[in-house]
Amino acid sequence: MPREDDDDETYYNFEITPVMSTYLIAFIVSDFTVLRNEPENFGVWARKGAIEQAEYSRDVGPKLLHAIEGFLDVKYPLPKLDVVAVPDFSSGAMENWGLTTYRERIVLYDEDHATAATKQQIATVVAHEFAHQWFGDLVSPEWWNYLWLNEGFATYFESFATDLVETEWRLQEQFVVRDLQSALAADALLTTHPITQPVDSPNSIRAIFDTISYEKAGSVIRMMEHFVTTEVFKKGLKRYLVARDHLDANENHLYEAINAELLETKPGSHENVADILHTWTQQAGYPLVTITSEDSGLTITQERFLLTRASTRNEGSTLWSVPLTYAVQDGDFTDTSTKEWLTESSLKIGRPTEEDKWFIFNVQQIGFYRVNYDEHNWNLLTNYLKSEDYEKIPPVNRAQILDDALNLARAGILEYSTALELTQYLEEEVDYIPWYSALNAFSFLNLRLAGTSTHPLFKEYILKLIQHVYEDLTYEESDADDHVTKLLRSSILQWACNLDHEDCVEKAKGKFHALHEGSSIKPNLQSVTYCTALRHGGEEEWNLLWDKYVKSNFATEQSLILGVLGCTAHQELINE
């Protein structure tokens, strides 16, 4: 950007931009300062008083960019890329081409004032916006009907690109419980909509920036990757991006590119990507796949899953092309290749294992569907999970079994006694992935039972389940803790203290009391400690945190404190 000076005037001459969609043009006038990663022509801009918090984004940004470039085998097309931390930014983040913008708390990080969850959010949101440099910026959607071609791929890459950089975070597994399972919950409501949704007004466009266009689309993209294979998926994306370079696109452009690669890799393949994906993108909802054992084998059926007892669940008019995967007891859970296609309402196959051994459909929860079994297989799974061998079922499939069972019970399809008996194995569970699914499902029950005579029994049951993992983690954080352990501790302590676990509450109050005397609390323990102290405290505790909020120069810390101030039982403090 050459500059010309003429006495008291300065002229800035900008290079001509590439062809781009109008919504992607941005410029910023500020007195911000920058941290540069010079070899990469990459910089992070922020307020002068906050620029030191930009180091993590400055370091991880180029790595994420190169991870996406390497996956796609398509170079980032611009000569530079800037990241800008904007105070009071109305959006969370925006993918302006070459000039991405973020709220401060989503891009600035200081390890003494931010949690492990915040660090993860920063990396994944930066990856999300960087993925848009290809999906949305280089190739823009033909119309907002195809918003998911932007947001679905950005959601996919926010986990899978970051996983290539932050390799210890288990983000491929986290994607299942955070993104896919949250999309299953949203898409089970009657108010859902197809991924490809016709829109014709500003309000209807804004309305589809939701879980369906982001998390469901990302989950369907992941499912497609596995049924065509990762090699075909990568080559197909490259073909798509090269063919539509600086052009717009619709979903069929994507399918044609991937199908072409599929036919080159598997000549004579009967799979047609467009025919398969249209059943997932052009109709709302998803299937419940039910497996029933019979003397001659297994009968597999599909029907739409809804979190309602309404008769619409059994209309039978909605069918999907479902890629079926399964594993058997002592079998291979790494093989996610499609074993059978369920394209009609029912299918019969041979039993994959002996009658006294269980089977699990939807290996690694690759498919965007729920699974129900007959009573015999549920009992086999429950007994196995309650045995010493439960870890032979991978964490993602343990999480899937929990999420499916508890949501089937919520929908009135499975008896709650069956689902809750299965959760008894959690007394020995110490892995974050299954606990994430379990606690998410328990949140619904906690809300529904609050204020009823049953709630004390529910609290007692959950406290019994978490006692072992609570003792395993303790209230103290260790320097040896890995990233995922920190996430698990935060979740378990939050539940323990909220349910009035005696040791948890006393330790939280003790740590907060030490804060009065000048001690510090590690960021990953702050939320549960602050919230518990406020619930059991009064004006003095509330004022201490409010003062800390006002004086803080860290957006991540301010956001955390603001989130817990409502924990107080004294309404008048919030009203002041």
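Backbone N, Cα and C define each Cβ position, glycine as well.
According to TrEMBL, the protein has these features:
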ACT_SITE  E129  active site, proton acceptor
BINDING   H128, H132, E151  Zn(2+) binding site
DOMAIN    57-280  domain 'Peptidase M1 membrane alanine aminopeptidase'
DOMAIN    358-575  domain 'ERAP1-like C-terminal'
SITE      Y214  site 'Transition state stabilizer'
Chain-internal residues near E151 (Zn(2+) binding site), provided their CB is under 8 angstroms and they sit 6+ positions away: F209, S213, Y214, A217, G218
For the binding-site residues H128, H132, the one whose C-beta sees the most other C-beta atoms within 10 angstroms: H128
Residues near E129 (active site, proton acceptor) in space but at least six apart in sequence (CB under 8 A): A93, M94, E95, T100, Y102, A154
The domain 'ERAP1-like C-terminal' (358-575) [mean pLDDT, rounded to integer]: 96
The residue listed as 'active site, proton acceptor' in three-state DSSP notation: helix
Additional residues surrounding Zn(2+), by Cβ distance to the H128, H132, E151 centre under 8 Å: E95, E129, A131, F135, G136, N150, F153, A154, T155, F157, E158, Y214
For Y214 (site 'Transition state stabilizer'), the number of other Cβ atoms found within 10 Å of its own Cβ: 25
